[in-house]
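Annotation comment: TrEMBL describes 233-249 as compositional bias 'Low complexity'. Taken from TrEMBL, the feature domain 'Major facilitator superfamily (MFS) profile' applies to 19-471. As annotated by TrEMBL, region 'Disordered' applies to 225-249. Positions annotated as transmembrane segment by TrEMBL: 21-42, 54-76, 88-112, 146-165, 171-192, 292-310, 330-347, 359-378, 450-468.
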Amino acid sequence: MNNAKCSILNQIPRRRTRIIQCIYVVGFMDLFGVSMIIPLLSHHVKALGASPTVAGLVGSTYGILQLFSSTIVGSWSDVVGRRYSMLMCLLLSALGYCLLGMSTSIALFLLARIPVGLFKHSLSICRALLSDLVSEVERPLVMGHFNVASSVGFILGPVVGGYLTEHEGGFYTSSFTCATIFLLNTGLVWLLPWSDALTPCTNANSKSSTSKASCHDNDNHFTSTQQNCSHGNSNNQTTASAAAVTGSVAPEKNQRSWSWDLDWGEVSLVPSAWRQLSSVCFKISSVASSDMWDLFLVRLLMAMAIMLYYSNFSLAMEERFMLKPKATGYLISYSSTLGALAGFLVGPVTKLYSNNMPALLLHSSIFTCCLILLYAAAPSVWHVLLSSTFIAISTTIGRTCITDLVLQKGGAHASGTLIGAGQSVTAVGRVLAPLLSGLAQEFSPCGPPILGVGLALAAVVLLLVRVPKWDGRGKRKKA
């Protein structure tokens with residue numbers, strides 16, 4: 001078989017770079033706007049007269065909605081295309097933050113959190129779009145840079161939000177500013193050169209220098225005819241086609257329609273609701289029945305371990321080392337800044353490992369486990385500073401590794417579904433971690449991080465058992 005480089009984006013690197021840079025801007029503005037609001041939510045709901053219990057229940061609404069909607073919206077983006085799904089998510093999120101700015105009662109506050117909880121998945125769709133645009137070799141580097149851009153927004157947002165809050169009606173000003181940012185993001189996404197984002201195929205094997213044979217436009221849903229890029233056999237490791245990016249643009253007419261039906265040979269501007277629903281359900285069931293439980297379980301265990309590490313950080317610093325909240329805040333900001341900058345290390349580190357992502361994930365998980373243990377047993381603040389320095393780096397690399405492995409094993413034809421499922425798994429951790437932290441803290445201020453060490457150790461053991469099986473499957477496929 002004649003192997004040839006078939007990615008259009010390889011022929012127009014400047015256009016591809018422009019699209020990717022625009023996605024970085026979208027990620028930065030997204031978290032910049034959200035982080036302006038997050039620190040103010042609990043104060044505002046209490047100012048509306050809510051009791052601590054009601055405030056906790058209202059605050060958990062967002063996490064519960066995210067838990068169930070992440071996978072569905074991610075799968076929906078695979079069906080209707082990244083452009084249409086991202087525009088809808090940004091617009092409805094802007095509506096939610098606008099309603100939040102008008103909330104003068106607990107009922108309106110709760111109503112405003114519903115569209116945000118259901119449709120605030122623009123970052124997940126951005127990651128799926130980046131996965132569509134680049135090859136597996138480039139993906140860790142691009143994902144790392146995207147995490148840097150979004151993390152910087154998350155660091156700067158609270159500063160601006162705190163400044164606006166000092167003025168009268170500051171919360172409402174911050175909410176409307178956040179809604180405006182999402183509307184600006186909508187305009188930026190609308191103006192992106194989507195015709196340049198069409199890519200029939202990219203390198204599907206992260207360990208091979210040869211690209212696969214040319215792929216043609218696929219249907220938007222998982223059940224339709226898909227001409228996968230393969231070398232000898234089809235293996236579900238193909239990159240998403242133009243259909244996943246724009247909603248299937250008809251190649252001979254280069255029209256920006258939202259659906260091109262290869263089976264019926266006709267253009268449909270908006271796929272039927274039933275067709276979208278059946279495609280989404282089929283994608284989710286396919287991921288649920290796939291042999292990726294080990295990756296999702298590792299993600300859950302490591303996410304909960306890191307959440308337990310941070311759960312009572314301020315209180316533990318005060319009780320263990322008599323550290324003032326101001327100094328603790330500086331320490332947290334220092335760690336967050338390092339975590340953002342660590343995204344630049346993802347590309348060089350993956351090259352150092354020759355793109356052996358299972359080994360990199362295993363080593364980063366072991367390193368994270370040791371660092372949490374160091375923090376739990378730290379005899380001085382300097383040991384805490386040392387653990388905070390390196391845990392920010394190891395967790396950033398670990399998150400990128402787990403996302404990349406999920407996309408490798410699941411195939412980029414369902415990248416939106418896979419990334420959404422990963423977000424749902426993390427949401428489960430957000431629900432469980434506070435409960436476990438409270439129980440562990442009854443015994444000792446070091447209880448939550450010690451429990452986190454146990455969970456991280458369980459993830460390491462699982463990786464030690466499963467990684468050889470992943471390599472074995474990979475070798476059989478090559479054979």
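In case you wondered, yes, glycine gets a Cβ from its N, Cα and C as well.
Contact between the transmembrane segment (450-468) and the transmembrane segment (292-310) holds: at least three of their C-beta pairs are under 8 Å, each pair 6 or more apart in sequence. Proximity of distant same-chain residues to the transmembrane segment (359-378), defined by a Cβ-Cβ separation under 8 Å and at least 6 residues beyond the stretch ends, is recorded for 298, 302, 305-306, 309, 320, 349-350, 353, 384, 386-388, 390-391, 394-395, 397-398, 401-402, 405, 446, 449-450, 452-453, 456-457, 459-460, 463-464, 467.
Taking every listed stretch (21-42, 146-165, 171-192, 292-310, 330-347) in turn, the largest tally of C-beta pairs under 8 A with the transmembrane segment (88-112) is reached by 171-192. Remote same-chain partners of the transmembrane segment (171-192), defined as residues 6 or more beyond its termini with a Cβ less than 8 Å from a stretch Cβ, comprise 19, 22, 25-26, 29-30, 32-34, 36-37, 40, 43-44, 83, 86-87, 90-91, 93-95, 97-98, 100-102, 122, 161, 164-165. In terms of C-beta pairs under 8 Å, the stretch of 21-42, 146-165, 330-347 lying closest in packing to the transmembrane segment (54-76) is 21-42. The average pLDDT for the domain 'Major facilitator superfamily (MFS) profile' (19-471) in the predicted structure is 77.
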